[in-house]
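Positions annotated as region 'Disordered' by TrEMBL: 1-25. Per TrEMBL, the feature compositional bias 'Basic and acidic residues' maps to 1-10. As annotated by TrEMBL, compositional bias 'Low complexity' applies to 14-25. Annotated domain 'Aminotransferase class V' per TrEMBL: 46-315, in sequence order. As annotated by TrEMBL, N6-(pyridoxal phosphate)lysine applies to K204. As annotated by TrEMBL, substrate binding site applies to R349.
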Amino acid sequence: MTDREADGRGASETGDPLLLTPGPLTTSASVKRAMLHDWGSRDRTFLEMNERVLARIAGMANATATHACVPMQGSGTFAVEAMIGTMVPRDGKLLVLVNGAYGTRAARICARIGRAVATLETPEDTPPDLAALERRLAEDQAITHVLAVQCETTSGILNPVEEIATLVADAGRALLIDAMSAFGALPLDAGEVPFQALAASSNKCLEGVPGLGFVLCERGALAAAAGNAPSLALDLADQQAVLEKTGQYRFTPPIHVIAALDQAIAEHAAEGGVTGRGARYAENCQVLVDGMRTRGFETLLPDELQAPIIVTFRMPADPAFDFTRFYDGLAARGYLIYPGKLTVAESFRIGCIGRLARADMEGALAAVDAVLAEMGVTSVAA
Ligand SMILES: *Cc1c(COP(=O)(O)O)cnc(C)c1O
């Protein structure tokens with residue numbers, strides 16, 4: 001898989017630094033090589049590739065019979081905005097379960113496009129309050145939709161989408177899921193977890209390159225949503241209507257991104273699909289968390305709330321620990337980490353996803369030791 005060079009430096013198959021980030025992330029050489037061609041956007045070769053990609057994505061969520069997989073050009077946020085604008089009707093109201101920056105962003109999108117929105121917030125280290133959700137749905141009959149984030153990448157917390165889905169369905173409301181940082185690695189079965197729409201993207205656990213989002217939309221709800229969207233470009237109903245009729249995109253598709261995703265999905269299947277991908281990430285996460293704890297670092301989250309996607313560590317209190325030097329020292333050794341995004345505590349994050357395996361996480365831990373020694377840090381307690 002990836003390699004440590006002779007000097008212990010972390011490097012991808014193509015010699016680049018390893019991205020221990022939540023995406024864009026380290027991709028395989030074969031995924032990058034899949035982009036070394038040109039395709040016509042209306043040519044059969046591309047259209048077949050596109051169809052295959054969308055069908056296999058729907059299959060990963062066991063959603064083929066019930067949901068259309070609608071692609072959306074752009075980063076993941078474009079898909080989230082398209083999902084909200086298309087699925088929440090003009091007289092609808094969205095309740096967003098917020099415990100991090102991505103929930104907050106979804107609520108901002110909804111307010112910006114002029115849809116009624118409410119939030120139910122819990123702290124960044126706390127899953128949504130299900131009893132409060134049930135009460136809110138009983139009290140506010142105007143709420144038509146609920147949006148939940150499966151893995152809140154802000155902290156790395158795993159939110160209980162299965163329980164949320166049951167509760168929302170029992171209350172007769174529709175569920176939208178931001179599954180961006182979990183899709184392809186954490187299971188979510190449309191036959192078991194009722195959702196109206198689910199958004200994710202090419203460049204996270206599917207290990208493709210950035211540029212394509214997609215939304216799994218319940219077919220009936222999508223057809224009924226024609227004319228809802230306040231945006232032409234971000235109208236999933238229109239996108240799907242044209243794709244179904246012509247097989248083609250309305251506007252230029254990110255062809256190379258889709259070619260890379262086709263290869264990435266073949267590699268996902270070869271690894272054992274969602275189960276295999278999830279198992280590798282779980283091992284990466286375990287090696288990382290165990291290794292960092294052995295060194296004295298503290299995780300924000302207890303193990304039972306930690307998704308195997310990205311881990312938040314509390315900033316060491318030792319004045320000798322300087323985050324910029326820590327970051328630069330790790331980068332010089334081929335490991336790019338991520339700053340914290342918490343509002344509650346000083347922190348930094350290390351990702352477990354992408355073309356990374358145990359040896360890469362062990363290499364990162366060795367680099368942490370070297371950088372701490374260089375800074376003269378003796379304790380990493382928060
Ligand atoms: C990455 C991510 C997004 C989308 O972010 P982009 O930068 O637009 O790709 C949305 N939600 C979650 C939970 C994410 O992790």
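Backbone N, Cα and C define each Cβ position, glycine as well.
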Overall pLDDT of the domain 'Aminotransferase class V' (46-315), taken as the mean:
98
Assigned conformation of the residue listed as 'substrate binding site' - DSSP reduced to three states
strand
Six or more residues out from either end of the compositional bias 'Low complexity' (14-25), which same-chain residues have a Cβ under 8 Å from its Cβ atoms?
2, 5, 32, 153, 181, 201, 203-204, 207, 209-210, 309-310, 331, 334-338, 349-356, 360, 363-364
Students should find that the Cα atoms of the residue listed as 'N6-(pyridoxal phosphate)lysine' and R349 (substrate binding site) sit apart, in Å rounded to an integer, by 16
